[in-house]
Amino acid sequence: MHWAKILGVGIGAAALLGLGIILGHFAIPKATEPLASSVSDSQDLDLAILDSVMGQLDASRIRENLRELSKEPHVATSARDEALVQLLLGRWKDSASGLDTAKTYEYTVLLSFPSTEQPNSVEVVGPNGTVFHSFQPFEKNLTGEQAEPNVLQPYAAYAPPGTPKGPLVYANRGSEDDFKKLEAEGINLKGTIALTRYGSVGRGAKAINAARHGVVGVLVYTDPGDINDGKSLPNETFPNSWGLPPSGVERGSYYEYFGDPLTPYLPAHPVSFRLDPHNISGFPPIPTQPIGFEDAKNLLCNLNGTSAPDSWQGALGCEYKLGPGFEPNGNFPAGSEVKVSVYNRLELRNSSNVLGIIQGAVEPDRYVIYGNHRDSWVHGAVDPSSGTAVLLEISRVLGTLLKKGTWRPRRSIIFASWGAEEFGLIGSTEFTEEFLSKLQERTVTYINVDISVFSNATLRAQGTPPVQSVIFSATKEISAPGSSGLSIYDNWIRYTNRSSPVYGLVPSMGTLGAGSDYASFIHFLGITSMDLAYTYDRSKTSARIYPTYHTAFDTFDYVEKFLDPGFSSHQAVARTAGSVLLRLSDSLFLPLNVSDYSETLQSFLQAAQENLGALLESHNISLGPLVTAVEKFKAAAAALNQHILTLQKSSPDPLQVRMVNDQLMLLERAFLNPRAFPEERYYSHVLWAPNTASVATFPGLANAYARAQEINSGAEAWAEVERQLSIAVMALEGAAATLQPVTDL
């Protein structure tokens, strides 16, 4: 994920100087021709252009993009990954459909790879070292693609090398509570190997939690009950259905943070300070290896010990037990242990981001950024190439209009292809670190389309509250795939909805965690962000994600046969993302509704009052200032909306428009406090930092309150609750001040 430089424009220097606009540092060349014949300061969204773009977005072209992008494995920094860099550059420099400029930006980052000379292994060994069972080092070759030479062995990226051996225990999801449960059952975890399943806590957290309790090695598998609705037989899974085959193994980064591990808060350039590798935090402390559920079954169905709790049971066709060790009448002799051999190595590699830029005609120094990562663990047809295929089609259509001279956006559009996302959002994070000030000053919104199609039932949108209105407006005008005759909006509301006190029944939008490249934009820079995709009907499957996620079975044929035959859902995402992009880049007034934050804040406040209020009161901590701050924000947001409506009915001065748009753009930054969560790297957003408590309220307040409730917590813990309450109050007051008339101080 990465970005570049921007230069000036050549359309009326006086007007540009009057607005104080230069595009700056992102590689837009100086214009040698007029940008567009019809450009004016009052340029607004052209509905005819919008309709034209919607009509030109072609499902068959998206299909061909995906076929090309996913035909070979392209892990970050591989030869194929670099070939795709050149493909993107070629498309964005094309004489008929290219953009104003395209450029690469390179960072030297620390990645983790399995050894090619000594593959990782998992074995069941007897007391004398006899190997009774060896696990599959690679997934089974079911369609030919799994045996290609560049398919990486399944591994846990950033797990340390080592060859621990010990009796096996089953630790469910590998949470802290899970390990405490095992100890409460009288199981001595020191020197054991823990078998865990994906879900509940992050990959790396499983190993961190395990090591804290004396475990020396960790195995991780995907249970068919979590991904296949219980189906586990070969004839029930890929290539016969969308289900994960028994040998399928989910790869992934086990690094707990995001960005280059050696250069936190600094771009990974050769001259940047780097940590000593021994001082890196966030890596798994013990050897860890993912395995398929076929191999996990051999372990779980032979374990000794007491039965696991009902909530720990899965779908492998046997009763899960806790261990330690194997049952005496099972497949393995008494005293057999599990040996985990990990030979991963750390390497410094050069990873590229690619930026394609369309220079804005009126406000070139205001950026609407559309990003998708390029790298995958194997072929990556779904993750991420479904998103890259859509990105290339949107940029082709807009580039064609640009080259014909019939359109140029009001604001600059930046298309970004991020590198090394799978290792921890590295490309996008390095980019935001390098251009922090510029991006905070100039970026209107960040649109992320990582996986564009999980499946073909309905839209899934995540984002901060101000983007709700522009997504709703776009989806009401686009037909949903299929023959229902519904709009994407009306189809969406059938699958997932909520009751809004303002709007009534509306589609449900999710919030943004740190699962893709929007993370550094929203949490670190405070840039209004969203993520768009099509997904499955959750009433028909309990799968936590599409089943072949991060495996060698995520291929073009998998997409075409099981996820989106005809590619109409890909086209629907292209139209949705393209419409949102145009509305944000071309509308005179930014289509961001700050009042939609009022609902969120009121909900947070109500949760705090109902769940925290009584105990806070007993510690002489009042929520009164928070109530006042929420009301102040709501009033300021409503007043700004009314001011915008008034301006829209008149012929506003360009500077009036600019001032209002800056208020809309900068609102999200007002919620940043870099000192609020010192234990959370990159998390500065007071409303969207990780909430580890059970109460859906202001995360800092919720987390501090939960810690203060713990046994033996003292005055210091309650002082932190007061501090977090003050942080929330001041963030809301600062946000309200941002929305008030600019002359009010």
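Every residue, even glycine, has its Cβ placed from backbone N, Cα and C.
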Q: Let me know which member of Glu347, Glu363, Glu422 Swiss-Prot also records as binding Zn(2+) 2 at the site of Asp383, His550.
A: Glu422
Q) Which of the recorded positions listed here (Thr263, Leu266, Cys301, Glu421, Glu430, Glu433) have a Cα atom within 10 Å of the Cα of His373 (Zn(2+) 1 binding site)? A) Glu421
Q. When the Cα of Asp383 (Zn(2+) 1 binding site) is compared with the Cα of each of the binding-site residues Thr263, Glu430, Glu433, which one is closest?
A. Glu430
**Q.** CB-centroid shell, 8 A cutoff, Ca(2+) site Thr263, Leu266, Glu430, Glu433, site residues removed
**A.** Tyr107, Gly259, Asp260, Pro264, Tyr265, Pro267, Ala268, His269, Ser272, Thr429, Glu434
Q. Cβ distance under 8 Å to Leu266 (Ca(2+) binding site), same chain, sequence separation 6 or more: which residues?
A. Ser272, Phe273, Glu433
Q) Roughly how many angstrom lie between the C-alpha atoms of Cys318 (disulfide bond) and Glu430 (Ca(2+) binding site)? A) 46
(Q) An 8 Å radius from the center of the His373, Asp383, Asp450 Cβ atoms defines the neighbourhood of the Zn(2+) 1 site; name the other residues of that chain inside it, in order. (A) Asn372, Ser376, Gly380, Pro384, Gly387, Glu421, Glu422, Ile451, Ser516, Asp517
Q: Provide, as an integer number of angstrom, the distance between the C-alpha atoms of Glu430 (Ca(2+) binding site) and Cys301 (disulfide bond).
A: 45
